[in-house]
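Trainee: Quick one: the structure is below, and I'll ask about it shortly.
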Amino acid sequence: MTDHIETDVVIIGAGPVGLFAVFELGLLDIKCHLIDILPKVGGQCAELYPEKPIYDIPGFPMVTGQGLVDNLMAQIEPFHPTFHLNEMVESLESIGTPEAPLFRVKTSENGTTFTCKAVIIAAGGGSFQPKKPPIDNIEAYEGTGVYYAVRKMEMFRNKKVLIVGGGDSALDWTVNLQPIAKRLTLLHRRDAFRAAPHTVEKMRSLVASGDMDLHLGQVTSLKGEAPVLEGAVIRKDDGSEFTIDCDVMLPFFGLTMKLGPIADWGLNLHENVIPVDTEKFETNVPGIFAIGDINTYPGKLKLILSGFHEGALAAQKVHRYVYPEKRLLFQYTTSSTSLQKKLGVAA
Amino acid sequence: MGVIHVTDRAGQRHTLEAIEGWRVMEIIRDWGLPIEGLCGGACECATCHVFVSEEWLDKLYPPTEEEEDQLDTVMTRPNSRLSCQILWTPELDGLEVTLAPTGA
């Protein structure tokens, strides 16, 4: 069954900028739902550099990527936003007028639909998607012989499986699929793995007992008449090549960012970013805003700091769409009892 | 002041003015050549992958374990490096690199 949700604002992207937008909207009594393709909040900060220090967040001489995300989550807690993780926004359709925008947003994973008065795109560099190895014609085998994720293990029963990669995903699926595969081969660029040590140890013992194969090298091409995969040609470091027979290949090369379906929403785009005005950070479609790394305007700096500022200004215009009859009074959190009540810090 | 030579994905060679203390990724990006550098130089994405000309390989600091980990996520050649991990110094005047194909 498809869930349907009505809310004031849908925020696409739960990175630091999307999270802080919740705060700015919350101060103005605007409710929101956030959607993110990743299974956790924090976007690039949490996915790419959770442990790396960031030095240019005002008020924090140093904070790690994850530390910043944790603090933002604590800061927006009073506004109880709803998160829809592991979901990608597939379509965004305007069903209102420029004066009274209304949108229908639909996600792909479980088909949740939303009706909202404004959409804030805070998607950074786009959506995280699996890195595809640059192998000629790989697309022709996708979904039949090449998979970037394991949804159902049973699909690989009695198959000759080739797993490529040296991280946690590659090693975890190696030890999980080995018992059900007809034959499992792990291929990695070098004889060092950055997965959990006990998983690496388990893999090595399976190799030692002859229950699976480990090869060092990289896939240069695929064999078999597409869409039926029959093998992969491997190049070793010394330049020599050999073929591994396989029915399926699972490359686990981590994630990269792609603009994805955003390109199809009727928004003006300039080299994969969305032009906005600098008064309210609205796109060419009234009611759709773009903040953070995904937008562009004269003088744009791709800084988290800039995204926070943009979210604050966007919220002011969103208020006019959500509460067209209300006058917006500007208040400070230091002095406004009303804002402090919303934050749960005043009686 | 010195230069680096960068061959782009169309095979065109560009000579770029280099600045001491800048990373090669930053120099390439600053001159507007199409290098992604998604993570901003934190050695976390491998989207600044370049191939370094043979004659320059030994003049660079060898890759750290962290850089090797990231190189695992792309299709490498023996001369693969991440340009965000190469700090430009005057000894690297004339460095020759080629941008790796997108996604590689």
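Cβ atoms are placed via backbone N, Cα and C, with glycine included.
Remember, predicted model here, so these are calculated numbers, not experimental data.
According to TrEMBL, the record shows the following:
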BINDING   A:Asp36, A:Gln44, A:Tyr49, A:Val89, A:Phe128, A:Asp293, A:Thr334  FAD binding site
DOMAIN    A:8-298  domain 'FAD/NAD(P)-binding'
Trainee: What residue among the binding-site residues A:Tyr49, A:Phe128 has the most other CB atoms lying within 10 A of its CB?
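Mentor: When each Cβ's neighbours within 10 Å are tallied, A:Phe128 leads.
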Trainee: Where does A:Phe128 (FAD binding site) sit by DSSP, helix, strand or coil?
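Mentor: The residue in question, A:Phe128 (FAD binding site), is strand (DSSP, three-state).
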Trainee: Are there binding-site residues in A:Asp36, A:Val89, A:Phe128, A:Thr334 whose CB lies under 8 Å from a CB of chain B, and which ones?
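Mentor: The answer is none, since no candidate qualifies.
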Trainee: Counting all other Cβ atoms within 10 Å across every protein chain shown, which of the binding-site residues A:Gln44, A:Thr334 scores highest?
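Mentor: Counting Cβ neighbours within 10 Å, the top one is A:Gln44.
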Trainee: Below 8 Å Cβ to Cβ and six or more residues apart, same chain only. Which residues does that give for A:Asp36 (FAD binding site)?
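Mentor: A:Ile12, A:Gly13, A:Ala14, A:Gly15, A:Gly18, A:Gly43, A:Phe83, A:His84, A:Leu85, A:Asn86, A:Glu87 - these are the non-local Cβ neighbours of A:Asp36 (FAD binding site), listed in sequence order.
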Trainee: Just how many other Cβ atoms lie inside 10 Å of the Cβ on A:Val89 (FAD binding site)?
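Mentor: I get 26 for this one.
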